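Asker: Got a structure for you, written out below as structure tokens; questions coming shortly.
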Amino acid sequence: MAEPNAAPKRKRAKYTPAMRHDALLAYVLLVPTLYILFRIFVVPIFQSSVWSLYKYNLMDGSDPKPVGLGNYADIFRLQDFWTSMGNTVYFTVFSVAAELAIGFFAALLLNHAFKGRLLFRGMIMIPWAMLTLVSGLLWNWIYQPGYGALTVVLHNLHLLPESSNPLWLSSSTKVVTFSAIADIWKMTPFMTLLLLAGLQSIPHSLYEAAVIDGAGFWKKLRHVTVPQLLPTAIVAVILRIIGAYRVYDILTVFTGDAKTSTSYLTYNYAFRYFYLGKASAMAWVSTLLILILVVVYMVLLRRNQDSHL
């Protein structure tokens, strides 16, 4: 005897010939797009992984020779590789941390109503909308000795003697630091935009409940805003870690030294020296390091969450 409260069984939808035809047509139409994506993304990834195991130089005209992990061993013995790796990690950590901090407080400010908020929102997007090459040239002019804006402002504020014209970009460390400042100026609006979208998705009822419980600004920030904003912040930081680690444009404008970043060093080996094997190995090491940075960030974030439970 059937139970009176038993839920009725759902009947499976029957596919009509017209529905099957539409589904087949959809798959057929997807084939060209999937093929293009396969050729653009999957094939180069597979090809570079194979090339990294071969001695392959386009200039000598010889066939690729398998060397196993020889290319990886060679680049690990290369001092320029370690210098560029250190510069890139420093650039990534410094710029992403600053962008997250500044972007968070800017998003908090823009999330509140004040006169001219819409105008201010539009204005802060200008650096992000500007071409990276243009912003790099702008900041390169700012850092120029003698006539650069930074030197002129410091002279006018009497923070720098008139006779002093420091070379702001005289070393690779200074180049990376001042390049990171330029990147922070350009990419902080992107971080702000993502965090602002996350703030606006937080239900207002949570803040009302916190007020009823007697929470002030800081308690609401700690117990409501930050936990609710965390998923958005994770996505934003991961995107910026990937983008900052692959930095090429700004450092190319500031200096022609390949040791300033792994992206520039990889470019030189691939398109100037035509050592495709070593360049592919550098690219894979860089990819692995990006994954390590992301995993470290996620682990530290998880530990911080567990400590507050």
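Placed from the backbone N, Cα and C atoms, the Cβ positions cover glycine too.
Sharing the features that TrEMBL gives for it:
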TRANSMEM  24-46  transmembrane segment
DOMAIN    85-300  domain 'ABC transmembrane type-1'
TRANSMEM  89-110  transmembrane segment
TRANSMEM  122-142  transmembrane segment
TRANSMEM  175-197  transmembrane segment
TRANSMEM  229-248  transmembrane segment
TRANSMEM  281-301  transmembrane segment
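Can you tell me where each of these features sits in this structure?
Answerer: Long-range contacts of the transmembrane segment (89-110) within the same chain: residues 117, 120-121, 124, 176-177, 179-180, 183-184, 187-192, 194-196, 198-199, 225, 233, 236-237, 240-241, 244-245, 247, 261, 289, 293, each at least 6 residues beyond the stretch ends and with a Cβ under 8 Å from a Cβ of the stretch.
Long-range contacts of the transmembrane segment (175-197) within its own chain (CB-CB distance under 8 A, at least 6 residues past either end) are made by residues 87, 90-91, 94-95, 98-100, 102-104, 106-107, 110-111, 124-128, 130, 132, 135-136, 139, 143, 168-169, 229, 232-233, 235-236, 239-240, 243-244, 247, 250-251, 254-255, 257, 260-261.
Through the fold, the transmembrane segment (281-301) approaches residues 48-49, 52, 71-72, 74-75, 81, 85, 88-89, 92, 230, 234, 237-238, 241-242, 245-246, 262-263, 265-266, 269 of its own chain, all at least 6 residues removed from its boundaries and within a Cβ separation under 8 Å.
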